[in-house]
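TrEMBL has this to say about the protein:
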DOMAIN    A:26-61  domain 'EF-hand'
DOMAIN    A:109-144  domain 'EF-hand'
DOMAIN    A:150-185  domain 'EF-hand'
Amino acid sequence: MGSNSSSMNNIPNAEQLVQETGFSAAHILRLYERFQFLDKDDTGQLRPEDFGAVRELAMNPIGDRIISAFFSPGQETLDFASFVRVLAHFRPADSNRTRDGAQPEPANSSMRKLKFAFQLYDQDRDGKISRAELLQVLRAMLGMQVTEEQLQSIAERAIQEADFDQDDAISFDEFRKSLEKVNIDHKMSIRFLS
Amino acid sequence: MEDLWGVAVGVFQVWMFVVVFLIMLPAMFGLSLGVTGVYIQILVHILEWATLRIQRGRQEQPDVPVPLPNGIIERAGGSMEEEVGQLSGGEFALSDAFYFYMKGVESIVDDQVTQRFSSEELASWNLLTRTNQNFRYISLRLTIIWGIGVFVRYCVLFPLRITLAIIGLSWLVIGTVLVGFLPESSAKNWLSELVHLTCYRICARGLSATIHYHNRENKPQKGGICVANHTTPIDVVILANDGCYAMVGQIHGGLMGVIQRSMVRSCPHVWFERSEMKDRHAVTSRLRAHVAAKTKLPILIFPEGTCINNTSVMMFKKGSFEIGGTIYPVTIKYDARFGDAFWNSGKYNMVSYLLRMMTSWAIVVNVWYLPPMTIQDDEDAAQFANRVKSAIAHQGGLLDLAWDGGLKRGKVKESYKEEQQKKYSSIIAGHNGL
C-alpha cells in the first residue's frame, strides 16, 4: 500500500474492463494497485515467480496449480487485463441479471465458475479429468500424510461415483452432475468490499 | 551587523529559556503544563472537520475509491472443517479442492501477512502528506490548513523536538557515566533510576509523545519479565517513561553503541555480542540468571521479534517464555490519527524514521498494564506464549494472528504446507477405511 494517487487514466483499457468483468471502477483501481505490488520489477507483466511474494499462497497445498490457472497454456507472462479477467470468475453472481440470448455469459456465472474449477483438475485441457490428473490433485492436497494405496483407493472411489460412461475419466458434464448439490456460487465467490 | 547578532543572541536566549523551563524541567519531574493537552484537543477538532469535509467531497466525486483499512475483500467462509467433507459425510469430494482454491485466490487478491508490514491505511486523512494515499484535492480550505500544518510541523515543532532529543540523549550518556563511578549501593540504584527516568521523559517530549498509562497497579516488578507488542524502537522510550527496565539486545556500533555502553555502567542491562545472539542457550541462561536475582530490574522483551504495524499481534517467539519467572504483559497502542509510528525497516532507515516521527502532529499512545501471568503446569512454552499474546491483543483491540513475524524477511517453511495437508487428511481419512 504505498502508491499514491493512481488514477483510472494509468490503467490500460480500464473502461472496457469495467464493462467486461462487472468490477466497479474502484475495484479495478484496487486490483491495479495489487497488480503493481506483485509486479516488483515494474514491467507491467507478472510471471509465476512474482506470486511468490504472497506468503499465504506458498502455504497452500495447491498453490502452484492456482498460480498456473492465471496463465493461459503456453504463456509465461500475465498482463493486468488477463489478471482481472481471471479474478472476474470469482465475483459473486449478479442476482438481478436478465439475460437475453445475445449477451455473452458473464464470467461469474455458475457455469463459468464450474468450467474454471474443472480446469484446475484438467491440466492438459483435453476436456476430461483422467485418473492420473485426479491422483495429482489428491497427492498435492494430502502430501505425505497418506500412503500410495490409500490415495489410489480414494481416487478409485471418486471416479466410480462420478464416471457414468465408464471411460475411466470424468468429463465436464459428469463433473457438473456430481456437483449439482453444491452451491457453486457460495463456494467459488470472493466478496469484494466497496 | 552588530544589531543582527544581538537579535540572534536574544532569540536564542528566549528559545533556550522556553525549552529548558517550560518543557525540560517539568518533563523531568513528570509534570505537565497542560499545553500538550490543549494542543491535542485543537488537533482533534481540526481533524474531525477535515474528515467531514473529505466525506462531503467524496460524495461529489464518486469515482474515487474509498480507503479500506481492512483490506479489499471480506474473508467470509468457515474453517476447513466446515467447508470440506460436509456433503459427502467426511469423504473426499471433487468440491474439496474448491476450498483450497478459494483460499489461494483470496490471498492473491489481498493477503493478511503483507498487510501487516506496511503502514495502516487510515479511514480518513490526517493532513500529513505521507499518509495521502487516495485523497485528492477536495477544497481550498483543506489545502490551506494542510499548508499551515506543514509550516507548523517543520518550522516550529521540529526544531523544538530536535533540541529536546539532543539534550535528552546527551544527558543520558553523561548522567549514566557519572553514576557509574559510584560504588554499588542503594543510593546508586536510586540515582541511576532518576537519571534514566528524566532523560527518557525528555526524549519522549522530544518525540512529542503523549502517553496514557492504564492499570498502573499491574506495573512490572523487579525480577519479572515484561513483554509487549512491538511497533517501533520508540516503544522502549514509551515504556521506560514510567519505570526502569533492563533492556535486552545486541550491541551496536556507533552512537547506539556509545549509549548502550554508558547505560550499562549504572544499571545492569543485558547486552549481547552479535555472536552470542545465535546461541540460544547462552542467551536463555544469561536472562535466567538476571531474573533469578530478584533485586534486578524487570527485563523488557518484545517476543514478536520484529516491528508490526500496530493493527495486529503476530506470533510470539517462545524463547522469552522459557526463562521462567513472572510475565507482565503490556499492550501498546498508538493513535494513528496523529502520526504513524510504525517503523517499516525495509523502507526507511533509522534517521529518516526519527525525522518522520518528529514532524508528525504528535505521538499519542495508550499503554495498558495487564495482570501478571505465569506458566501453568499443563501447558508448554508455546501455548503459554499464545495465551499471553491473546491477552495483549484483546486489550488493545488488535487482531490476534498466528503468522510469524519472521515471514517479513524469510521464505515460507515447508512445514506450514504440511500442516494444511495434515489437517485435510485427518478430515477425510477417517471415513475411507484408512
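Using N, Cα and C of the backbone, Cβ positions are placed for all residues, glycine too.
Note that TrEMBL annotation is computational and uncurated.
Under DSSP, the residues of the domain 'EF-hand' (A:150-185) split into helix, strand and coil as follows: 22 helix, 3 strand, 11 coil. Here the domain 'EF-hand' (A:109-144) has, by DSSP, the following mix of helix, strand and coil residues: 26 helix, 3 strand, 7 coil. The average pLDDT for the domain 'EF-hand' (A:150-185) in the predicted structure is 85. Using DSSP to sort the residues of the domain 'EF-hand' (A:26-61) gives these counts of helix, strand and coil: 24 helix, 1 strand, 11 coil.
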